[in-house]
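Database features, via Swiss-Prot:
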ACT_SITE  Asp89  active site, proton donor/acceptor
ACT_SITE  Lys151  active site, schiff-base intermediate with acetaldehyde
ACT_SITE  Lys180  active site, proton donor/acceptor
Amino acid sequence: MNYAKFIDHTLLKPESTRQQIDQIIDEAKEYNFKSICVNPTHVKYAAERLNDSGVLVCTVIGFPLGATTTATKIFETEDAIKNGATEIDMVINIGALKDGRFEDVQKDIEGVVGAANGKTVKVIIETVLLSDEEKVKASELAKAAGADFVKTSTGFAGGGATPEDVKLMKDTVGDELEVKASGGVRSLEDFNKMIDAGATRIGASAGVQIIQGLESDSDY
């Protein structure tokens, strides 16, 4: 198993500097991660630096609250792709989900999927804010809207991925969608728990530590 290809090497802190972006780009090239995930303001620079590297550029839409309008999310998506993004991680309208306005939630996702024009779309449902029933419904809506992944968390809402949530989401979407676990995945042990639960992508700022943990474990 190529562990690095499961990892979206992530830096989404609002205070991220160009120097820090350079660091994760260099690490992504060195370890051959699947992608780097950065805020939209860094996409164009990252895409230029990662050109022909094999490392994808992922960005976030409606992040971290999911509370912007669908039109805004569509514009953000189109702008990100124009700047070189190849994967889109969007946040659902969490309040609409809790209201039971499921059509609004699905249309919001569909808007981003349409704007992405074939690029990979991962739908962040923010599991820490949801009941199990809501997690299932959100996953079903992501599936119905034509997304590629359902994703656990932004990492900004006070909780992250759990193996239990990953399994619930995977059981809901089956083989039609993949599951991305993000938020709090900091070690090889965490990584393995998420993969065992059904995740096929891991969003982590600790990608290097995870891979180094793998390397150190392989010495025994």
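Even glycines carry a Cβ here, placed using N, Cα and C.
Swiss-Prot feature annotations superimposed on the structure.
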{"residue": "Asp89", "record": "active site, proton donor/acceptor", "DSSP (3 states)": "strand"}
{"residue": "Lys151", "record": "active site, schiff-base intermediate with acetaldehyde", "DSSP (3 states)": "strand"}
{"residue": "Lys180", "record": "active site, proton donor/acceptor", "DSSP (3 states)": "strand"}
Return only the integer: C-alpha distance in Å from the residue listed as 'active site, schiff-base intermediate with acetaldehyde' to Lys180 (active site, proton donor/acceptor).
5
Are there any residues in the same chain, six or more apart in sequence, whose C-beta is under 8 angstroms from the C-beta of Asp89 (active site, proton donor/acceptor), and if so which?
Cys37, Cys58, Thr59, Val60, Ile61, Phe63, Lys122, Ile124, Lys151, Lys180, Gly203
